[in-house]
Amino acid sequence: MWTDEIVTIDVARRSWPQMMELLGQVDAVHGLHYVLMWLIGQVCGGLTEFWPRVASAAAVAVAAGGLTWLGRLLGGPRLGLCAGLLLAVLPTASRYAQEARSFAFVMAVAVLATGALVKILSSRARGRWLVCYAVLIALLGWFNLLGMLLPAAHAITVALRRPGRRIVVRTLWAQAAGTAAVVPLLILASAQSSAVGDAAPITAGTPFNYFTWLLTPGQNTLPTALKLLLTLTALATLTLLVVRRRKAPPLALAVGVPWLTVPPLLLAAASLDHPLFAYRYLLFCLPALALLLATAITVASLRVQLLFILLTALPLASSHLAIRQEDSRPWDTSAVRTTLRIHDAPGDAVLFSGARCGLIATAFKESFTGRPDLSRARTAAELGALDNLPAAPADLQQRLAHTSRVWRIDCNHLSAGARQAAARTAAVHKEALTRAGFAPVYHHSVSGVDITLEQRSTAGQPAH
């Protein structure tokens, strides 16, 4: 699990009053997901890392099934089956099916909302679909405010289809109703902008990198050659769709093209003022790419279809294998627990540095039982915050006097804004350990985490 997933576990394990206190101060944009995970924890008798990931996997399954339904509406059973299968096999979809965050839910709701829009444009029973559409737009915003970029793409779709003034007005009213339901969250979240994580600034390479990420997620999941092969194959397939657009279902293009392009363009424009262009915020555009690729495949010849499968099989398989490795996440917390299990001794303590690094002990309590966290003054739950309150230097020095071995766990895969603070905290810890007579006797580095065993110079060496 990585930092954001650990936050999910920590928040969803809190009492209802503690969780409401937190959401009133920070991270309200993920409030609906936290509440859902809290409910799952109540039903399952406790929340482990397993259940939030099962929920995300179920959300991706809903997205794939929903895209199959949407494809059938747009171009028949063949398009629906192809689109659903493509979404299911894309590694980025699988990557977020494994993650205990809200992004898979946003993607699923986006697919269902788009399906409701298509029913409004093509069905006579529009009344109930207008209600469904409004509810789904509201859910989209409550799962993630940036999901509200999708209605802008839907507006382009409606404009391209020209369904008549009456349908246009009703659709806009449904959009407005769904948006209005999100306004309270927008007002609350506007005062919590500090909770928005740092994103890289927009550069000339951002469009290509974002498109590649839709096909295969980051963290070096593929060698450059395979990543380039996959990306160029997808671009060539979309180029084929442009060439053969007259053979494609018009509504599929009117839905897919705005869905794929409008949200990232709007987010890129907003990022010119403040960096917001984190790719995961746009995961809900992934079904649009699957839909357009499926449309291209269904209008292509059998030879082209076989060529597409041959060119993408190895990159997709390699990416799927990579994202299932323990070190494929920014923080390899499993390695932290394994190291402690193998090398620990009675009376060992821990010291965490790095934003929310101390929450590792909260998310995996069983691995840290009997290992006091010397760096913590109060827990995040007690503070109504996302991070623990660090111990004062004097308190830390006093605690060090009562232990002979300390595991120093430094989380280094941090945003630019948190990196300097983490470096200062690590420096304070090192100085305190040195003054207390500790010296490093064991070190192990894994993805995003440095693990160092510090021991008093008068004590024996640890067993390796």
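The backbone N, Cα and C atoms fix where each Cβ goes, and this holds for glycine too.
Just so you know, TrEMBL annotations are computer predictions that nobody has curated.
What TrEMBL says about this one:
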- 28-47: transmembrane segment (TRANSMEM)
- 54-71: transmembrane segment (TRANSMEM)
- 103-121: transmembrane segment (TRANSMEM)
- 133-160: transmembrane segment (TRANSMEM)
- 224-243: transmembrane segment (TRANSMEM)
- 250-272: transmembrane segment (TRANSMEM)
- 278-299: transmembrane segment (TRANSMEM)
- 306-323: transmembrane segment (TRANSMEM)
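Sequence-distant contacts of the transmembrane segment (306-323), counting only residues of its own chain at least 6 positions beyond either end whose CB sits under 8 Å from a CB of the stretch, comprise 89-91, 94-95, 98, 216-217, 219-223, 226-227, 229-230, 233-234, 237, 297, 300. Segment contact is absent for the transmembrane segment (133-160) and the transmembrane segment (54-71), given fewer than three CB pairs below 8 angstroms at sequence separation of 6 or more. Just going by CB pairs under 8 A, the stretch in 28-47, 54-71, 103-121, 224-243 that sits most against the transmembrane segment (250-272) is 103-121.
Same-chain residues lying 6 or more positions outside the transmembrane segment (224-243) and placing a CB less than 8 Å from one of its CB atoms are 208, 211-212, 215-216, 253, 289, 292-293, 295-297, 299-300, 304, 308, 311-312, 314-316, 318-319. Outside the transmembrane segment (278-299), and at least 6 residues removed from its termini, the chain residues within Cβ reach (under 8 Å) are 63, 66-67, 70-71, 74-75, 78-79, 82-84, 86-87, 90, 92-93, 96, 101, 103-104, 106-107, 109-111, 114, 140, 144, 146-147, 150, 197, 199-200, 210, 213-215, 218, 234, 237-238, 240-241, 244, 247-249, 252-253, 255-257, 259-260, 263-264, 267, 305, 308.
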